[in-house]
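Chemist: The following block contains the structure, expressed as structure tokens.
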Amino acid sequence: MALVAHDAKKTELLDWAARHQEALRGCRLVATRTTGELLARRLGLRADLVASGPLGGDQQIGAMIVEERIALLVFFTDPLGTQPHESDVRALHRLAVVHDVPLASNPASADVLLPDACLRMAAPAPVEADAA
Ligand SMILES: O=C(CO)COP(=O)(O)O
């Protein structure tokens, strides 16, 4: 599961993660650097860190989506600000859509999508139905 938040949304993500920390502790997490450092410092949540978003972290998470390593992308973007790496932000959204990865852009969506992602991460890969 990937956790990312723009600066104006980091408090919202921390509040959401605090509410779900029990479930999140059972998941392998990846986060952009500043987001992940905050999760570790404030909540003791461990995440694998990629680069900060403006330095290529969004693209690294996009590559993980292509490799089918992300079950849920929680990405709280700032709808009222512009980002220097807007093209990377759009590309990450686009890859989530292309690869049909659940994408939560706000706490209400993340609340709905988290239980399903936890189930899918815990479940073994589905077995192909036998045609015979
Ligand atoms: O900018 C980001 C996503 O686009 C997030 O990066 P940081 O977590 O390093 O702030």
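Yeah, the Cβs are placed from backbone N, Cα and C, and that goes for glycine too.
So TrEMBL says this about it:
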ACT_SITE  Asp58  active site, proton donor/acceptor
BINDING   His6, Lys10, Ser52, Gly53, His85  substrate binding site
DOMAIN    1-132  domain 'MGS-like'
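Looking at the shown structure, what environment does each listed feature sit in?
Modeler: A 10 Å cutoff on Cβ-Cβ distances gives Asp58 (active site, proton donor/acceptor) a total of 27 other Cβ atoms nearby, all chains included. Taken residue by residue with DSSP, Asp58 (active site, proton donor/acceptor) is part of a helix.
Counting every protein chain shown, the number of other Cβ atoms lying within 10 Å of the Cβ of Lys10 (substrate binding site) is 18. Under the DSSP three-state reduction, Lys10 (substrate binding site) is assigned to helix.
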Chemist: Tell me the Cα distance separating Asp58 (active site, proton donor/acceptor) from His85 (substrate binding site), rounded to the nearest angstrom.
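Modeler: Computed Cα spacing between His85 (substrate binding site) and Asp58 (active site, proton donor/acceptor) is 9 Å.
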Chemist: Determine the minimum-neighbour residue: among His6, His85, listed as binding-site residues, which Cβ has the fewest other Cβ atoms within 10 angstroms?
Modeler: His85
Chemist: So what pLDDT does the domain 'MGS-like' (1-132) average out to?
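Modeler: The predicted confidence over the domain 'MGS-like' (1-132), as a mean pLDDT, is 93.
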